[in-house]
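Undergrad: Here it is, the structure, as C-alpha cells.
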Amino acid sequence: LQRNQFFTKAMIDWPNVTASSYEELDLKPEELQRSKCVLGFIPVIYYSVLLCVGVPVNILTAVALCRLACRTKKPLYYYLLAVTGSDILSQLFIIFVGFLLETAVFHRDVPTVLLHVVSAAEFAANHASIWSTVPLTVDRYVALCHPLLHRQISYPARARKIIAAVLVLSLTSGVPFFWWSDVWRDSHPPSALDAVLIWTHVTIIYFLPCSIFLVLNSLIIRKLKIRQRQQPCQEERGPPRRLGKTTAMLLALTSVFSVLWAPRTVVVIYHLYVSSVHQDWRVHLAYDLSNMLAMLNTAVNFFLYCFVSRPFRSVVRDIMLLRGGPLHPRRPLPQQQAPTNASNSSLYSGNNKRSQRDSTPLSPRRNRKPS
C-alpha cells in the first residue's frame, strides 16, 4: 500500500501535464503542482558570478567614462555613462534583490506589497538600461548623416537634459508593472491585465527600441557606404576611422542587446498564448535561460568598449595602475579655447577665437589710457 501511495504521489507531483489532463483529474487550481526548476542551483551560481563580476566592471567603466567625459566634453561619453549607470541599477534591483534575495534566499516568502514594489523598480531599471542607448543611437545618426545640425544641437548640457528626461520617463514607465503577475507562482492563466502588461513590456523593452536601432543603424551604414564610394580623398582618411570605431561600438551595443533579449521576448509571448511557466517545465526552463541571457547584457559592454575604443583602454589602464589622470579638463589657452555651447556655428567659433586673440593681450586700463 505504501508503495502504491508513493507511485501515486510521484505521478501527481510530476509537473507539466496539460490543462485537459487537469480537467480529467478534476483538480482545483490551488491543488495544481508548480513546474519544477530543472536547472536547480545553476541560476543562483550564475547570477552570483554575474553580480560579482558585473558590478565591479561597470563601476570601473563608469569611472573611465567620467574621466573621458570630463576631458573631452563629448556627448558620446555622457550617453555611455548613462547606459553604464542604468546597467548597475539593473544588476542591483533585478539580479541582487529580485533573483538572489527574493527568490534564492527568501523563496519569495515576503510581503506581497514588497514583491510588487521591487517588481516596479526592476522594470524601471530595465527600461532605463535599454532606453539610454536610444539617444546614443540618435546622436550618432545625426553626427554621421547631418553633421552641421549635429554641431548645433549636440553638446554636453543638452545631453545631460536628454539623459535626465530618459531616466524620469523610465522610472515612470515602471509604475504600471507594480501589478505584474508572478509567473512562477500564479497558477491561474494570464488575465486581460497580464496580457496588457506583457505586450506593454515587450514593446517597451524590445520591439520599439529595436525598431529604432534597425532604422537608424541601416541609415548610418547606408551613409557610410555612400561616403566610401564618393570620397577616396586623403583628407578624410583619418576622420572616418574615428567615426567608424564609434559606429562599430554602437552597432555592437545594439546587436548584442537584440540577440540577448530576443529569447526572453519570445518566451514571454509564448507564456501568454500557448503554455504558462507555472504549468510546463519546458517553458519554465526556457524562461530561466532567457532571463540569464538577458541579464548578461548588463555586464558585456565593458569588453565591447575595450575592444573598440583605444582611449577607453588607455583610461582603464591608468585607473588599474593607479595613475593620476586629470578628472577635470585643464583650462585651455585663450587662442585654443572654443565656445562651450556647440550650438554656435563654425563661423561664430572662428570669430570668437579671433576676438579672444585680439582682446586678450589688452587690459581694461590700457583701453582707457589715452594714446
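Cβ atoms here come from the backbone N, Cα and C positions, even for glycine.
Grabbed the feature section from TrEMBL, which reads as follows:
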type: TRANSMEM; residues: 44-65; note: transmembrane segment
type: DOMAIN; residues: 57-305; note: domain 'G-protein coupled receptors family 1 profile'
type: TRANSMEM; residues: 77-101; note: transmembrane segment
type: TRANSMEM; residues: 159-179; note: transmembrane segment
type: TRANSMEM; residues: 199-221; note: transmembrane segment
type: TRANSMEM; residues: 250-273; note: transmembrane segment
type: TRANSMEM; residues: 285-308; note: transmembrane segment
type: COMPBIAS; residues: 327-337; note: compositional bias 'Low complexity'
type: REGION; residues: 327-371; note: region 'Disordered'
type: COMPBIAS; residues: 338-362; note: compositional bias 'Polar residues'
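Quick one: where do these features end up spatially?
TA: With a threshold of 8 Å between CB atoms, the same-chain residues lying at least 6 positions outside the transmembrane segment (44-65) that come near it are 77, 80-81, 84-85, 87-88, 91-92, 95-96, 99-100, 104, 292, 295-296, 298-299, 301-302, 305, 312, 315-316, 319.
Listed as Cβ neighbours of the transmembrane segment (77-101) (distance under 8 Å, sequence separation of 6 or more from its ends, same chain) are residues 43-44, 47-48, 50-51, 54-55, 58-59, 61-62, 65-66, 68-69, 118-119, 121-122, 125-126, 128-130, 132-133, 135-136, 139, 156, 159-160, 163, 166-167, 170, 253, 291, 295, 298-299, 301, 305.
Counting residues 6+ beyond its ends, the transmembrane segment (199-221) has Cβ neighbours under 8 Å at 123, 126-127, 130-131, 133-134, 137-138, 140-141, 144-145, 173, 176-177, 180, 247, 250-251, 254, 257-258, 261-262, 265, 268-269 in the same chain.
Sequence-distant contacts of the transmembrane segment (285-308) (same chain, six or more residues past either end, CB-CB distance under 8 Å): 37-39, 43, 46-47, 50, 53-54, 57-58, 60-61, 64, 80, 83-84, 87, 90-91, 94-95, 99, 129, 183, 245, 248-249, 252-253, 256-257, 260-261, 263-264, 266-268, 270-271, 277, 316.
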